[in-house]
Amino acid sequence: MKNLFKHHETYVLLVIIVFSAIITTINPNFLTLENFFDLAKSYSFIGILAVGVTIVLISGGIDISFTAVATVGEYVMAVMVIKYGGNMFTAVLLVAVVGIALGMINAVLIYFFNIPTIITTIATLNIYYGILIVISGGKWIYALPDWFRNFADIRLFTLRTAQGLEYGLSIITATWFAIIIIAWIILRYTKLGRGIYAMGGSMNAARRAGFNIFGIQMFVYSFMGLMAGIAGLVQALLVQTVAPNSIVGKELDVIAAVVLGGASLAGGSGTLFGTILGVTLIAIMGNGLTLMRVSSFWYDVFIGLVIIISVGFSAYQRREKVKRTILVEGE
Amino acid sequence: MTDLFLSMKNISKRYTGVKALDRVDFEIARGEIHCLVGENGSGKSTLIKIISGVVKPDSGARIEVEGDVILHHHSIDSILKGIEVIYQDLSLFPNLTVAENISLSQTIASRSKIINWRRVREISEKAMARIGVHIPLDEQIDNLSIADQQLVAICRALTSEVKLLILDEPTSALTRKEVESLFTVIKDLQAKGIATLFISHKLDEVLQIAEKVTILRDGKKIETLPSRGLTDEKLTFLMTGEKMEYSRYTIDNRHEEPLLEARQLSIQGNFRDISFKLYPGDILGITGLLGSGRTELAEALFGMNPFESGDLFIEGRKISIKSVQEAIRLGIGYVPENRLVQGLVMNQSVAKNIIITTITRLLNKFKLIDPEKRQRSITRWIKNLSIRIPAFDAPVHTLSGGNQQRVVLAKWIATSPKVLILDGPTVGIDVAAKSSIHDIIRDLAGRGMGIIIISDEVPEVFHNCNRIMVMHKGRIIAEFDSTVTTEEEIQNCINMAS
Ligand SMILES: Nc1ncnc2c1ncn2[C@@H]1O[C@H](COP(=O)(O)OP(=O)(O)OP(=O)(O)O)[C@@H](O)[C@H]1O
Ligand SMILES: [Mg+2]
């Protein structure tokens, strides 16, 4: 029990429960399965990106460019499948290739020029996005193929409300969950995953211990790129239009969700479970405020407040921990 | 010679501005216990980094391990050859658990890409059993004391087929008792044919454990000698080229008003009923084993961990110190024990680190930093503490460990506080520099500052303090006037308590 309260996740979970209780008393529609499946689907986009960001943060870096990568992946995919036809498999392949390639460029720049990751990726965000806008002219794409439209409606299982409305686990949500599981296995059970934690804890020590730093960075940023590509695809599936300017600008929402979940911007710490909670909290707040008919402007204020409280709280806990160690040594 | 394990010829390393190593030849036999000594910045750590492959030597070098010439490019090459290094900064992963840290080399070396958590625990348990320590496997490293962290680093080195264990200043954070058990481990390893190379500034330890001693000075190898027949003085002379004189510090100041007076200060679980007076010109030594509450006391006086009961007076005025800012405003300075973690901005220049605490005094009438004042202040401190730097704007992390320590000292002394608390001021500092730092401390005291030195080393407090307090389990158990006591008496008092 005492151990439980050492974890950041416990507190986030408590906050989620409290929020949910408040929202439900105001609007009972909140606590329905239907609403949950809906939420999970529409937050898959942020959720998938958050998985990538979590890994980047654990490795001790940061990536800002993922929204641009997602946009480029989405756009290239849409143009190609409209022009040459194809199926869902080609669509996934396209976003994956674009995402991984752009991620690899990030990794190479970071490793060889040794520029801080935040600066590198701010620069590549602008480059990737800029090139896309120049070439595409910022045109929106609406004429997506039918198979693409139909795919978005696939459910792994379907339930019915009392009124006869259908809902269930969307294939999009399922993709997000599958990604979480794969990422969790990588982080927990592979040498690579532990290398990512080690590198985030101390780059110098990791180098001395014999980790292949370039290899790890290559994986981390390519994985982020892959996540961005898939998220771009998910976004296109969700809204069924491809708008070049709809994703860029959401970076901070995603990073906020991950930081809420306990990952530290200093690197070396963070868990996927925490990230899931972070995304959940953000989703619930967004949804809850709508259900409570609070103006959406308040949403940003709330997110800001919750982040400050969350980060401030972990910093406070760390200080208390230091005090406790002193006490033990004194006796 | 068939039993040579490592042989290095013609090793040089030039950094911009300094020659860290200059045509050094060096060898170690199987199972040998070898010590590397030299002043701060003489190139010891650099030599070790070359052995381990973290740093590449300049061309012309030739390194053989067990007769094979090796081209060192990555640390993994030397690890596979059975060379394990414990660095001055330990190089542990603060965010991982004890078990993971210990088993990490094995994890990397193993061909499997999958982690087997049961094996991780087994490996760590085995390594700990080997030296008979028990540290909770699931504890995160940054929750451990430095001494425990050191043990973890040693355990990690013991997990592989190690043939040469290299320790860069392993004993600087350990208590006497822990040092003894470390030495037992080293002797044990020797019985198994494992060689140890270790760096230390504590010459008595060097002479106690080493079979051979290699002396470096300014990047050049002076000599390799068998330790039998060597003495402290001889070693010091070889390292520095000069003879050291020890003198005592005494002062008559009881007629003055105390600078600082503590009455019955207590913090639950840390220390109890601490009372003392510190007069201008006093150098008060506080000694006792690690964990006796001395560091906690210092932190309380500096407002980091405010005391819970008791009274504190500065120049007769009753005060309470609730924060570090307050302490600084009241004229208290504190140089912490852990030089690498606290107090330095590692990738900023030496110059910037030194002036950071005194920046407001370097302003001109437009409230901008006066470049001339700045330069004067920096030059003065670098000279006073003979800090050896490649260049003014060299980042601190390029300095040798001991020189980093001096930068921390300079930074705090530059604020010229009324009361200066120094926790382990010369840990990891070579003999020559030690005495120059002691001289500076005496000089400051001579100008009316009150100084508190916290130290493990009885000779250090004995020679440099006019009064010495021994702490044990959070209480002051004895107080000595250095004019009427002996080193042995103080040492006995500590030994009796433990
Ligand atoms: N990365 C670097 N860039 C520039 N100079 C360096 C670098 N690393 C070390 N040096 C310089 O090389 C010299 C030797 O340093 P080294 O760390 O080997 O000393 P050391 O003998 O281990 O000293 P200490 O006892 O203080 O730890 C020093 O003058 C140091 O400033
Ligand atoms: Mg060194």
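Yeah, the Cβs are placed from backbone N, Cα and C, and that goes for glycine too.
Automatic prediction, not curation, is the source of TrEMBL annotations.
Listed features, source TrEMBL:
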TRANSMEM  A:12-31  transmembrane segment
TRANSMEM  A:43-76  transmembrane segment
TRANSMEM  A:88-113  transmembrane segment
TRANSMEM  A:125-144  transmembrane segment
TRANSMEM  A:165-187  transmembrane segment
TRANSMEM  A:218-242  transmembrane segment
TRANSMEM  A:254-285  transmembrane segment
TRANSMEM  A:297-316  transmembrane segment
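Within the same chain, residues 260-262, 274, 277-278, 280-281, 284-285, 287-288, 291-292, 306, 310 sit at least 6 positions outside the transmembrane segment (A:12-31) and bring their C-beta atoms closer than 8 Å to a C-beta of that stretch. Note: the stretches the transmembrane segment (A:254-285) and the transmembrane segment (A:88-113) are not in contact (fewer than 3 CB pairs below 8 A, sequence gap of 6 or more). Only pairs six or more apart in sequence are counted, and the transmembrane segment (A:43-76) with the transmembrane segment (A:297-316) gives fewer than three Cβ pairs under 8 Å, not enough to call it a contact. Ranked by number of Cβ pairs under 8 Å to the transmembrane segment (A:165-187), the listed stretches A:88-113, A:125-144, A:218-242, A:297-316 are led by A:218-242. Just going by CB pairs under 8 A, the stretch in A:88-113, A:125-144, A:297-316 that sits most against the transmembrane segment (A:218-242) is A:88-113. Long-range contacts of the transmembrane segment (A:125-144) within its own chain (CB-CB distance under 8 A, at least 6 residues past either end) are made by residues 64-65, 67-69, 71-72, 75, 78-79, 81-82, 102, 236, 240-245, 248, 251.
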